[in-house]
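Participant: Annotation source TrEMBL lists active site, schiff-base intermediate with substrate at Ser75. The feature active site, proton acceptor is assigned by TrEMBL to His80. Sequence annotations record features per position, and here TrEMBL assigns active site, proton donor to Cys95. The pyruvic acid (Ser) annotation in TrEMBL covers Ser75.
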Amino acid sequence: MLTEREVLRENDKKLVIGKHVYGELYGCDPEILSNAEKLVEIVRKAAEIGGFTLLDVKAWHIYPGVSVVGIVLESHISIHTWPEYGFATVDVYTCGETGDPVSAYLYIVKSLRAKKYTLKTSDRSYEWV
């Protein structure tokens, strides 16, 4: 917990770099959203495009949707789908200075054929003051 005198500044030394890109996708292709194998392929390619080291990908049918989680050495990529609404949530989180979570996220948006989407970012870094 920070006291009034402890203020984090943008230029302070960062010991842990965390980049979090996430959002909601609307108007997606319901056939893709319900296809676990296709979603696994999409996560694999997103990891490659983002420059991440993919360790494993798992998918679970939570009918009628699918949840897919890719564990990358740098952190994770996840997609949760609701094909009945043409809706998905996507999360790309990386630790470290390498990798491009925005490119990975945008690849997923394109692959799910989203008609509309949000893109949110959060700096999840730990800074030493």
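Cβ coordinates come from backbone N, Cα and C, glycine included.
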Participant: Roughly how many Å lie between the Cα atoms of Ser75 (active site, schiff-base intermediate with substrate) and Cys95 (active site, proton donor), rounded to a whole value?
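Facilitator: Cα of Ser75 (active site, schiff-base intermediate with substrate) to Cα of Cys95 (active site, proton donor) measures 6 Å after rounding.
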Participant: Do you know offhand how many angstrom separate Cys95 (active site, proton donor) and His80 (active site, proton acceptor) by C-alpha?
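Facilitator: Just about 21 Å between their Cα atoms.
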